[in-house]
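Novice: For reference, the structure I am asking about is given below.
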Amino acid sequence: MQNITDSWFVQGMIKATSDAWLKGWDERNGGNLTLRLDEADIAPFAANFHEKPRYIALSQPMPLLANTPFIVTGSGKFFRNVQLDPAANLGVVKIDSDGAGYHILWGLTHDAVPTSELPAHFLSHCERIKATHGKDRVIMHCHATNLIALTYVLENNTALITRKLWEGSTECLVVFPDGVGILPWMVPGTDEIGQATAQEMQKHSLVLWPFHGVFGSGPTLDETFGLIDTAEKSAEVLVKIYSMGGMKQTITREELVALGKRFGVTPLASAVALY
């Protein structure tokens, strides 16, 4: 009998959460991660499912996600412990046929529940499904140190944050040409911050929560982790630049345009036109 803990998706979640912990992005129970699956992914492991799956209603219906399975991190769970006990810290859930709630098919033992940021995740999944024609499958939230730091010293608007991150490392414009969305500070774990994040996810694969963290979206766990990692590396460079007295020179507008042409991407116009 196949064991679900050996599946590609459980093993992938173990690696992503462990890597994020080692990066210092997910202290204590900080951060959350969800991966949209297909029925074919989970079907071979039905023997591992709970005999009586618990049902939890969503705070608002999400018919676009009807009958869709996900693997999710649990509420109050530490990323550093996922590798030690996947079944206690992860869960496979499946949205019901009308999108009104979900059953916990596997994991989240001892009456654990999915991440408190599930509204933000599911709403963002809906928007990224539409924006990428179903290509994006992952939503990752973490407390990337240097990205958080920048929200204290830079004006919190999309064009400026995006432009500075592009300048912090040449690869950034190629990796996230759609720029970085940013919210005002909001109380986490609410439908309101979930809706605001999803609205930004219509246009951007990265969304900053000032003084808190970042949301990233991508087609795979590796791509999503790499997206955040790239932005965080640029933020680290910027933090060092500002601590050394600021930029003396940087990548110019003309060079950014040339970079976009070379790699066949269309940079966010407002960031290009900023100065």
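Just so you know, glycine gets a Cβ as well, placed from its N, Cα and C.
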Novice: Of the candidates HIS50, HIS212, which does Swiss-Prot annotate as part of the Zn(2+) site that also includes HIS141, HIS143?
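Specialist: Record check against Swiss-Prot: Zn(2+) site with HIS141, HIS143, extra candidate from HIS50, HIS212 is HIS212.
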Novice: Using a Cβ cut-off under 8 Å and a sequence separation of 6 or more, which residues in the same chain sit near HIS143 (Zn(2+) binding site)?
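Specialist: When sequence neighbours closer than 6 are ignored, HIS143 (Zn(2+) binding site) has TRP25, ASP26, GLU27, GLY30, GLY31, HIS212, GLY213 within Cβ distance under 8 Å.
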Novice: I'd like to know which of the binding-site residues HIS141, HIS212 has the most other Cβ atoms within 10 Å of its Cβ.
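Specialist: It comes out as HIS141.
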